[in-house]
Amino acid sequence: MLGRCFPPNTKEKQQLRMIKLCDPAESELSPFLITLTLAVLLAEYLTGIIANGFITAIHAAECVQNKSVSTSGRILVFLSVSRIALQSLMMLEITISSTSLSFYSEDTVYYAFKISFIFLNFCSLWFAAWLSFFYFVKIANFSYPLFLKLRWRISGLIPWLLWLSVFISFSHSMFCINICTGYCDNSFPIHSSNSTEKTYFSEISVVSLAFFFNLGIVIPLIMFILAAILLILSLKRHTLYMXSNATGSKDPSMEAHIGAIKATSYFLILYIFNAVALFIYLSNMFDINSLWNTLCQIIMAAYPASHSILLIKDNPGLRRAWKQLQHRLHLYPKEWTL
């Protein structure tokens, strides 16, 4: 997100200024790279919207048909809806900031985009963490009394935890307005027009940044990592046990366990990359036009799409529904020719 021009904060002793000396010749991307980046981002946004729209539609149809939705389906609906909104917002923001910078720079418009961006990102992080936690509780094989009690109550707790995550994300996004203020540092001409573009930086207090990082990103990140690692260890232990008792032929159950280990590992890697990219991007460590900042945007756009595709691929119900959809789409051209 672009920064805004505000008067420098007078309480300089209480502020940590993330100053990045901006040389336009060094930080501004070439027109070719800008076009390529926009094309990649657009492809990622559309892929993510389609994949998450499919997940939402399947579970909505399940809810209408069965008058209820499973706990995992409820989490997936929350996650998919937040990602559809997030990627639609990011696509709209790029369009407006590229075509009407003066309109985008208005206080109301800019803050609306910033609050929505932070809120939807944090919702997505929390929902994905709860999905990982739910799979861990339901699949992992531990015999501790507290764990067994949690497994028995998890389905009733999840709806409350999801709405609590929405409240935390919204409260935190509103709090971020006060710490993510920027001040105007430099300006340079835009070669394609007679106007000038300003370079902005953020002033974020150390305490606020720590709170911002820990509450918004680190807590769901730690929860996701712990749940994923414990699930992988449990599946690995059970896989080794089945392999020691195998008769020599391929065991479908063991192959399913191996597939679950791989899928969880992929989810973990994607989640970590996205969380790190989000923190770097929101912290304004690099200039808005730098290659590193662009890379963070690409990673943040790729995560919802790739994670949703893996969810469809590894979920039997979603995978079956996707194959049926492909089959129907394949038959439509034949029906039109008849």
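Cβ coordinates are placed from backbone N, Cα and C, and glycine is handled just like the others.
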Which one of Asn194, Asn245 gets the tag N-linked glycosylation site in Swiss-Prot? Asn194
Identical membrane-side domain name, Ser30 and Ser98, from Swiss-Prot: yes
Could you break down the residues of the topological domain 'Cytoplasmic' (52-74) into DSSP helix, strand and coil, giving a count for each? 19 helix, 0 strand, 4 coil
Close approaches to the transmembrane segment (75-95) from elsewhere in its chain (Cβ under 8 angstroms; 6 or more beyond its ends): 1, 38, 41-42, 44-46, 48-49, 52-53, 55-56, 59-60, 69, 104, 113, 116-117, 120-121, 123-124, 127-128, 130-131, 134, 158, 162, 300-301, 304-305, 308, 311
Can at least 3 Cβ pairs under 8 A be found between the transmembrane segment (263-283) and the transmembrane segment (31-51), with each pair 6 or more apart in sequence? no
Please compute the mean pLDDT of the model over the topological domain 'Cytoplasmic' (227-262). 76
Could you give the number of helix, strand and coil residues in the topological domain 'Extracellular' (284-291) as assigned by DSSP? 1 helix, 0 strand, 7 coil
